[in-house]
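Report on the following structure.
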Amino acid sequence: MGFRFLDIVKPFTSLVPEVGQPDRKIPFREKVLWTAICLFIFLVCSQIPLYGIRSTDSSDPFYWAKVIMASNRGTLMELGISPIVTSGMVMQLLAGAKLIEIDQSVKADRDLFSAAQKLFGMLICVGQGVAYIWSGSYGDPAVLGFGNCFLIVLQLFFAGIIVMLLDELLQKGYGIGSGISLFIATNICETIVWKTFSPTTVSVGKGTEFEGAVIALFHLLLTRNDKVRALKEAFYRQNLPNITNLLATVLIFMVVIYFQGFRVDLPVKSTRVSGQQGTYPIKLFYTSNIPIILQSALVSNLYFISQLLYRRFPDNILVNLFGAWRTSEYSQQMIPVSGLTYYISSPNNMSAVLADPFHALFYITFMLTSCALFSKVWIEVSGSSARDVAKQLKDQQMTMKGHRDTSVIKELNRYIPTAAAFGGLCIGALTVVADFMGAIGSGTGILLAVTIIYQYFETFVKEQQELSGGIGGLF
């Protein structure tokens, strides 16, 4: 039996900023404009440096999740979408486990639950800000002083609120999609383009090379006498983006888009209008990119906690079992070398897989299991289970052809849980393959980018269908 946690939140709802529901139907062009404005605000905040910091040269605790969490080191977007994703994940899982009692059919409960998510997200902003300072990410806290430390946390707090409001603005229908998806896709695509065409030079043992894979290819071919060796280096150079990584990225993009088309169309008909028929599609990626977002949020927080503990207690046995870390000579970032965090981190390439096959096997098992479980749990807590879909069809005066209302749930249960679990499994498998192939932007990043871009494509198509009306617009 759950407790009325939402009643505890009620007195604080007046402190939570909220975007009101639109009082009219927003035209599609206006939605595009608001989406562009939200993206512009996010990109500007990603370039404004935090006031009061002394240094950002130290290892970044969230280095592993920077691209996925749409964050930018040393700026207002230091935390990115991490607070809102973490708060949403925790609250949804608590509601799904019935530890928080909520009736989704009651508007007051839905509003309180949304306010509770925001409050928790605001607390996470403060907590992560304090943890960043305590870890010395911006310099020695004693040197920074209380005033600067307070200002840094305050800036991160208000930046977190801005992200929440931008996300809510889009989700309430003023724009297209969600802020979280928009910011993730933008950050990942920016990273892929930069690592492909970056003109930045990097000093390596053989001299100076360009960071961008394509730029480096032409540079090596033009400056090296041995063209075959130059081509080989451009394809297989270590610790910098290479052409093989780029080709792997393109391949994964194409495979994910191909799998997006896999679906089962269930025939439905209207119980009100005779002869009106349509289909209800159940996709292979039924929960879309949610499993990988939740898995990334879980892992990034585990990394964060592990690094903080290891910096303070490097000789503690339990801390070392959780994760031991060292500084990479190439990126100057902390990387896990043993413990739980090491085994749930991805091997960088096939050489690393062959060097430690147990690590690779553990990582594969962890990714596949966690993505499948998160996908299964998500359909229950997000209102997309067989029972919820059957209720939606009934509310729209629709039913499945050849089935009575009482047997619709049973028929949907044949497809939805399987699609959720198997779809999550496929998402995890594609992520693992992309990681092992060394795809640019990480396997997780590419999966997120492709699924988000595909969602936007579907949204554009749906908008066109709604203009023409009919049953096709419902599904």
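For all residues, glycine too, the Cβ spot is worked out from N, Cα and C.
Here the structure is a predicted model, which means the values were calculated and not measured.
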Residue pair Ala65, Leu231: same membrane side in Swiss-Prot: yes
Contacting positions for the transmembrane segment (33-53) when only residues 6+ beyond its ends and CB under 8 Å are counted: 26, 70, 72, 74-78, 138-139, 144, 147-149, 151-152, 155-156, 159, 162-163, 166, 169-170, 174-177, 179, 182-183, 186
Close approaches to the transmembrane segment (412-434) from elsewhere in its chain (Cβ under 8 angstroms; 6 or more beyond its ends): 248-249, 252, 255-256, 259, 264, 266, 282-287, 289, 291-292, 295, 346, 363-364, 367-376, 378-379, 384-386, 389-390, 400, 442-444, 446-447
Same-chain residues near the transmembrane segment (242-262), Cβ under 8 Å, at least 6 residues beyond its ends: 192, 195-196, 213-214, 216-217, 234-236, 283-285, 426, 430, 433-434, 437-441, 443, 446-447, 450-451, 454
Helix-strand-coil residue split for the topological domain 'Lumenal' (140-145), DSSP-based: 5 helix, 0 strand, 1 coil
Mean predicted confidence [pLDDT] for the topological domain 'Lumenal' (140-145): 86
Residues from the same chain, set at least six apart from the ends of the transmembrane segment (119-139), whose C-beta lies under 8 A from its own: 9, 12, 15-16, 50, 52-56, 58-61, 74, 78-79, 82-84, 86-88, 90-91, 149, 152-153, 156-157, 159-161, 164, 304, 307-308, 311
Segment proximity, the transmembrane segment (76-96) to the transmembrane segment (441-461), 3 or more C-beta pairs under 8 Å: no
